[in-house]
């Protein structure tokens with residue numbers, strides 16, 4: 001039951017997720033370097049694709065969209081973590097905290113959607129190579145990308161909508177930045193129902209997108225068996241980059257979100273490490289993998 005009589009007015013949150021971190025300056029510098037490298041690499045990829053008209057094709061439009069998603073995903077959380085570890089600024093105002101939460105979860109959902117539509121793009125390209133450019137034009141790809149952004153916003157809008165009306169009994173976030181779980185644990189209500197709701201949404205998105213990617217690759221494998229040796233090598237090279245990116249994103253997600261629901265207990269430090277790895281790892285790997293593909 002809500003304890004409204006114990007509620008407080010929160011104007012800013014104190015982020016306490018790094019309180020027990022050893023050598024915070026070193027950790028902050030590592031995150032800073034990784035963040036800067038990842039942003040620069042993604043920006044270079046975007047600029048190359050925009051500048052070179054030969055790359056104005058559906059696949060590269062999707063690569064460009066993924067780079068935008070990566071920049072949003074990193075920037076939603078990394079500057080806050082860097083500010084805490086390097087600058088010692090461990091407070092964030094109420095509204096910016098909610099904006100950060102929305103941007104972070106939007107980036108996570110869009111990462112799933114982007115990887116799924118890129119798998120579909122590879123399936124169409126390999127299954128119908130001669131009709132590919134009539135099926136997937138640049139205009140249709142852009143419309144699809146816009147639709148996915150709107151759909152992702154609709155899913156993520158549930159999070160602040162469920163949090164805003166709730167009273168707060170604490171202003172200290174136990175995690176390293178503003179995400180849904182961190183803010184929910186500052187409220188005066190029993191979080192079981194809300195975490196259950198978010199788990200259902202996450203389960204649906206995670207397994208739907210992952211199964212969609214797996215089914216796409218089953219279709220690709222089927223057509224690979226019918227291809228010549230030279231075509232198999234070309235298809236393998238085309239798909240390898242996408243598979244690396246998928247593995248980098250989904251592996252930490254499965255560990256942190258799925259295994260914990262099956263009874264595997266993670267320490268707070270391990271959870272923070274997985275979360276930071278999930279944010280920075282794929283965003284750093286993606287541009288370098290696709291930069292080779294772009295070349």
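Just so you know, glycine gets a Cβ as well, placed from its N, Cα and C.
TrEMBL entries are annotated by machine, without manual review.
Over in TrEMBL, the protein carries these features:
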type: DOMAIN; residues: 41-290; note: domain 'G-protein coupled receptors family 1 profile'
type: TRANSMEM; residues: 25-48; note: transmembrane segment
type: TRANSMEM; residues: 60-86; note: transmembrane segment
type: TRANSMEM; residues: 98-120; note: transmembrane segment
type: TRANSMEM; residues: 141-163; note: transmembrane segment
type: TRANSMEM; residues: 193-223; note: transmembrane segment
type: TRANSMEM; residues: 235-260; note: transmembrane segment
type: TRANSMEM; residues: 272-292; note: transmembrane segment
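In this chain, the transmembrane segment (141-163) lies close to the transmembrane segment (60-86): three or more C-beta pairs between them fall below 8 angstroms, excluding pairs fewer than 6 positions apart. Away from its own ends, the transmembrane segment (98-120) comes close to residues 59, 62-63, 65-66, 69-70, 72-77, 80, 92, 144-145, 148-149, 151-153, 155-157, 159-160, 163-164, 177-180, 183, 205-206, 209-210, 212-213, 216-217, 242, 245-246, 249, 282 of its chain (Cβ-Cβ under 8 Å, at least six residues beyond either end). Between the transmembrane segment (60-86) and the stretches 25-48, 193-223, 272-292, Cβ pairs under 8 Å are most numerous for 25-48. Within its own chain, the transmembrane segment (193-223) has Cβ neighbours under 8 Å at 109, 112-113, 115-116, 119-120, 122-123, 126-127, 155, 158-159, 162, 180-181, 184, 235, 239, 243, 246, 250, 253-254, 257-258, 261, counting only residues six or more beyond its boundaries.
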